[in-house]
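Heads up, the thing below is written out as structure tokens.
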Amino acid sequence: MENARCFANRFTDYKGALLVGQGVETVVPTVNAFIDTILKNVPLGPSDCDGGLYDGPAGAAYMLYHVSECAFFTYYRDAYLKIAKQIIDVSMAYVDGEKDKNMKAAFLLGGAGIYAVAAMVYKALGLADFVKPLTKFRSLWEVCSPINFLECGSDELFVGRAGYLCGALVLKQKLGIEILSKDQIQAICGAVVESGKQYALRKRKPSPLMYSYYGTEYLGAAHGLSSVLQMLLCYQDMLTEGDRDLVWQSVDFLMNQEQNCNWPAELGSVIERENELIHWCHGAPGVAYLFAKAYLINKKPQYLDTCIRSGELVWQKGLLKKGPGICHGVSGSAYVFLLLYRLTGNSKYIYRAQRFAEFLFTEEFKVGSCSITSVYSLFEGLSGTVCFLVDLLQPDQSEFPLFSVFV
Ligand SMILES: [Zn+2]
């Protein structure tokens, strides 16, 4: 039976040789052409700034920043950074005027992400003014510290505390300076742990930490347990010993929720094989980053094995029909191979990422994919694809956009 969610993977697997024809001389012009299309089509006006980094114009600004940081694009660097600044300035003005302070603290969907990318772009341009958006980002820690600052759920990645922690991590990595003080980080991480403890106790959950978003107990990277735990692991040195134990217990709990190399979108549901979600947002391709982080910290082989099994499932069922993006599209699948390459050094994973890149240019993909709304955006559309194609040129430095594991 044909799978409704993915194309059949008919590629032969790695036999010891990488693909030729995906080198700098072909990819650089392809990326430049994509950027041209994106800039001609993405709405950039002051009234189009909704969606933040996820599917607003700010995501295109991040993509330009990412490309400009790649050594193969040195010639285009200044031009791309200047356009990135124009775009992010419009988004920043929009967010400055935002009345809802909670939306200002949102990372992927709101102000925190826009301020973070503005600081990166300004810094890359050599502007001392980068301190202004950075200061705005920093000031938001107070907004998201109260334990229930959002009614819908205060801890997930898109609008909650995990997102804010993620933003601080990416900023520290890109700017090379401390973003938050130890006290600030401890206040936020402490709130995440306390919130998860309270929820798990109140709802009698089998995991020591559990969270919900709009009433659903998600497990995946988008709104779920895995990215919350991933961020806590990133700051595990700052946690109390007791809290750190709860985090690791919860990591192992989530590891045991695996069903045939995948995770259900929400806690306790059973995966139907023919209709399973294998997306960065929901499922193995997003959960894998948590176990990658766990493995990088303590080198326990079971965490790496879990990542490898996720990668096998993605190779079989990751040619998704929901577009070229990183959230629930082919580039998001391929990023798992780049992650596995960085964890293992095995060139098989570069080959697999190359095959997925190749598939993006086939008629089968163009004709058989469902239409998506944000065609040019960072998470659903072509801006994310551009980040992936650039990372495939430099796999040793590749990372899923704005979701650092190797910090
Ligand atoms: Zn998605």
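Cβ atoms here come from the backbone N, Cα and C positions, even for glycine.
Heads up, TrEMBL stuff is auto-annotated, nobody curated it.
Copied over from TrEMBL, here are the features:
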{"type": "TRANSMEM", "residues": "105-125", "note": "transmembrane segment"}
{"type": "BINDING", "residues": "CYS281, CYS327, HIS328", "note": "Zn(2+) binding site"}
Three states by DSSP: which one describes HIS328 (Zn(2+) binding site)?
coil
Most crowded position, judged by CB atoms within 10 A, among CYS281, CYS327 as binding-site residues
CYS327
Note: in the chain of HIS328 (Zn(2+) binding site), residues six or more apart in sequence with C-beta under 8 angstroms of its C-beta are LEU277, HIS279, TRP280, CYS281, HIS282, LEU320, LYS322, GLU380
Around the Zn(2+) site formed by CYS281, CYS327, HIS328, list the extra residues of the same chain whose Cβ is within 8 Å of the site's Cβ centroid.
ALA222, HIS279, TRP280, HIS282, GLY286, LYS322, GLY325, ILE326, GLY329, GLY332, PHE379, GLU380
